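Peer 1: Here Swiss-Prot flags GLY14, PRO15, VAL16, GLY17, SER18, GLY19, LYS20, THR21 as GTP binding site.
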Amino acid sequence: MKSGNGPLRVGIGGPVGSGKTALTEKLCKAMSGDYSVAVVTNDIYTKEDAEALVRMQALPSERIVGVETGGCPHTAIREDATINLQAIAGLNAQFPDLDVVFIESGGDNLAATFSPDLADITIYVISVCQGEEIPRKGGPGITRSDLLVINKKDLAPYVGADLTVMDSDATRMRNAMPFVFTDMKRGDGVDRIVGFLKEQGGL
């Protein structure tokens with residue numbers, strides 16, 4: 001499923017604090033040995049996520065580009081993705097062998113979606129800490145993303161979340177589309193996500 005005009009583009013969305021940057025870091029580290037990888041991060045007024053990925057040594061700094069979206073980060077991934085497409089074009093020019101670009105959205109809500117012009121595959125990240133009812137609340141990120149990641153499963157006992165309930169709700173809301181429980185802090189579940197990207201993205 002690699003884009004006709006270059007690398008596979010993977011959109012990573014989800015609410016603030018769900019673990020998007022941690023997932024992006026783990027995927028970069030897991031895949032950069034076998035593939036040419038780059039990242040575009042979206043922040044409203046800063047380049048904080050891009051700088052965090054550089055500090056984490058997810059990739060060499062020249063492979064990480066931060067864009068500032070201004071007031072509404074949803075627009076930059078949906079209605080007018082120009083700023084992101086320009087960043088990807090710049091990375092493509094610098095790294096002609098690029099295989100995968102991860103596009104991390106700014107912290108957003110359950111209604112946020114990626115334009116099909118921007119992302120070939122979409123991953124939506126939610127956190128157990130946001131409440132066990134999150135999967136059944138629905139929204140495009142929950143119901144229509146190609147892969148739903150339910151992160152911070154290790155914290156379920158501390159926040160009163162029942163993973164069995166979340167599993168049942170996610171199964172019902174997603175109509176057999178895949179989802180995975182993860183603990184990004186420990187890297188638990190990363191292999192399954194990499195496998196999904198390889199299979200669905202034709203890598």
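All positions are counted from 1 along the displayed chain.
For all residues, glycine too, the Cβ spot is worked out from N, Cα and C.
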Peer 1: Per residue, counting other C-beta atoms within 10 angstroms of the C-beta, which of the binding-site residues SER18, THR21 reaches the highest number?
Peer 2: SER18
Peer 1: For the binding-site residues GLY14, PRO15, GLY17, GLY19, which one has its C-beta crowded by the most other C-beta atoms within 10 angstroms?
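Peer 2: That would be GLY14, with the highest Cβ count within 10 Å.
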Peer 1: Taking DSSP three-state, what's GLY14 (GTP binding site) in: helix, strand or coil?
Peer 2: coil
Peer 1: For the binding-site residues listed here (VAL16, LYS20), tell me which residue's CB has the most neighbouring CB atoms inside 10 Å.
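Peer 2: Its Cβ has the most other Cβ atoms within 10 Å: LYS20.
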